Amino acid sequence: MDIRKIKKLIELVEESGITELEVQEEEGTVRISRAAPVIAPAAVQYAAAPVVAPTPAAAPAQVPAAATTAPAASDELSGHLVRSPMVGTFYRSPSPEAKAFVEVGQSVKVGDALCIVEAMKMMNRIEADKAGVVKAILINDGNAVEFDEPLIVIE
């Protein structure tokens, strides 16, 4: 392959933003790949992470209040704990305008929707794995939840 063709292919890769190009001709094969653009966006994402960190720093004022309530509640409450199957954001209703899936004192059957945990823009419906009466909802709407964190108590 002619060196001028190869130079034009390199220019094409640089201008178009594609990361890899492979051309086969009778004379041979040329593969041009760029790894630098993949690294640059990752660095930008990591640079954005500290910006997110100060936002939760404002939230600790709320977290201690919730943390104080949750241990006291779990000490007093007995029953079946419905736990979060993933890290995400807890929602009591399918949308902000909609009615909550369940309220304290409400009877639930196995398979009834209790809440939603949003993870990576996916709404994951959490269902009752035991029939009974909702005794307590341990998380406030819109709060972050950790994996295996108790969400709801069913008795």
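Note that Cβ sites are derived from N, Cα and C of the backbone, with glycine treated the same way.
As the structure is a computational prediction, the values presented were derived from the model and not from experiment.
According to Swiss-Prot, the domain 'Biotinyl-binding' annotation covers 72-155, on the basis of sequence analysis. According to Swiss-Prot, the N6-biotinyllysine annotation covers K121, on the basis of similarity to another entry.
Secondary structure of the domain 'Biotinyl-binding' (72-155) per DSSP (helix as H, G, I; strand as E, B; remaining residues coil): 5 helix, 36 strand, 43 coil. Cβ neighbour count for K121 (N6-biotinyllysine): 5 (other Cβ atoms within 10 Å of its Cβ, all protein chains included).
In the predicted model, residues of the domain 'Biotinyl-binding' (72-155) average a pLDDT of 91.
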